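So that you can see what the record holds, here are the features copied from TrEMBL:
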type     : residues : note
DOMAIN   : 1-405    : domain 'Major facilitator superfamily (MFS) profile'
TRANSMEM : 26-46    : transmembrane segment
TRANSMEM : 53-72    : transmembrane segment
TRANSMEM : 84-103   : transmembrane segment
TRANSMEM : 124-144  : transmembrane segment
TRANSMEM : 150-172  : transmembrane segment
TRANSMEM : 206-226  : transmembrane segment
TRANSMEM : 246-263  : transmembrane segment
TRANSMEM : 299-323  : transmembrane segment
TRANSMEM : 335-358  : transmembrane segment
TRANSMEM : 378-400  : transmembrane segment
Amino acid sequence: QLWLTFAPVADKTAVYFDISLGMVNWLSIVYLLISIPFGLVATWVLDSVGLRCSVILSAWLNMVGSIIRIFSVLKFLSLSSQSYWYLFIGQCFCALAQPLIIFSPTKLAALWFPDHQRATANMIASMSNPLGILIANVLSPALVPEGKRIPLMLGVYAIPAVTACALATVGIHEKVPPTPPSASATNSTSKPFLTGLKMLLRNKPYVILAVCFGGGIGMFTCFSALLEQILCEKGYSNEFAGLNGALFTVCGLLGAFLLGLYVDRTRKFIESTKICFCLSALASIVFAVTSRFRHQAVMLAITSSLFGFFGFAIYPIAMELAVECSYPVGEGTSTGLIFVASQIEGVILMILLQALTVRVSEDPASTCSLDQGGALDWTTPVLVLAGLCSAMACFFVIFFHTDYKRLHAET
């Protein structure tokens, strides 16, 4: 949840540190930027050094980053104008940790679970990220009803980072189980890192999946990071924006759980992914239209829930599908490259969407705390986001076809 700490309270963060909303957004964008080059390093660490090292290293980086962030609000250090940069450096350390842990679910599922439990195991591990988003969307507005509570928020977020670091360091002893759970885990035929990268770039179904699903992750990242700014201009409170973010995530967890169970039983990876992609695109269109009107709280809550239910449901299944269409390339490499693609697309989207905003005259109905020259109107950006989501869904449905290579190798 560390990357999304400030997004649900972006306006109050801007006032507290005396910075612009653009600088607040960069606290989220830096995660995407750093994950692009370091994502390749993380895939190598995961496939070459091992799962245990990857998890422990990510836990330490998160802890160090969360502690550095606290320096920005310690008054006795008299940092004044430098406080934002301590915040930014802390975010950079946390950003280094993200690829190491986000790439690991498919590796964990492949090494520690039999084939009939892999999709469910991947779903449970993958949903730790949206669960963190849920916590941030609920916790940040609750902890920061006013800007002076920012130091408390940073202290609270440091607690799980320190706890996770201690648990990972002391509690994880093995990188593989004593007995391999499946044929693919027993007879590991993963290609060397550079060879695997070349194979992936020449694999047409994989490239289509990486571009479309990576774009989907980028859109969900933008949605989570910008939701408060999108809604406040129309008079919705930070608490309501946090509620929508929470519904988006909770329903996503439910969708991922149900779809994971279904796919484990039926092996219909492709059909499930295509249907959910299309339904999430429809939900994004409804949200884009509804969010431009005032007094539509119920409809916004419903559309956020549906967007999360169908959108997040794709995540663990698409990661398993990436391994199936790219086998025998290592799981860390195949999922890692998709994540790198998502970060590239996410950066482009974040910058594009902000550039498309229009500053409007001061509106008494607006709940945005920072109305310097007027609030930002997000009508065009959210419509563009919905259009891109629909275009990617159509492209994926028409052009993506593949065999289940890992399942065939195990039978």
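Glycine residues also receive a Cβ, built from the backbone N, Cα and C atoms like all the rest.
Under the criterion of 3 or more C-beta pairs below 8 Å, with sequence separation of 6 or more, the transmembrane segment (299-323) and the transmembrane segment (150-172) do not qualify as touching, having fewer than 3 such pairs. Of the ranges 26-46, 84-103, 124-144, 335-358, 378-400, the one with the most Cβ pairs under 8 Å to the transmembrane segment (53-72) is 84-103.
Counting Cβ pairs under 8 Å that are 6 or more residues apart, the transmembrane segment (378-400) and the transmembrane segment (206-226) reach 3 or more and are in contact. When pLDDT is averaged over the domain 'Major facilitator superfamily (MFS) profile' (1-405), the result is 84.
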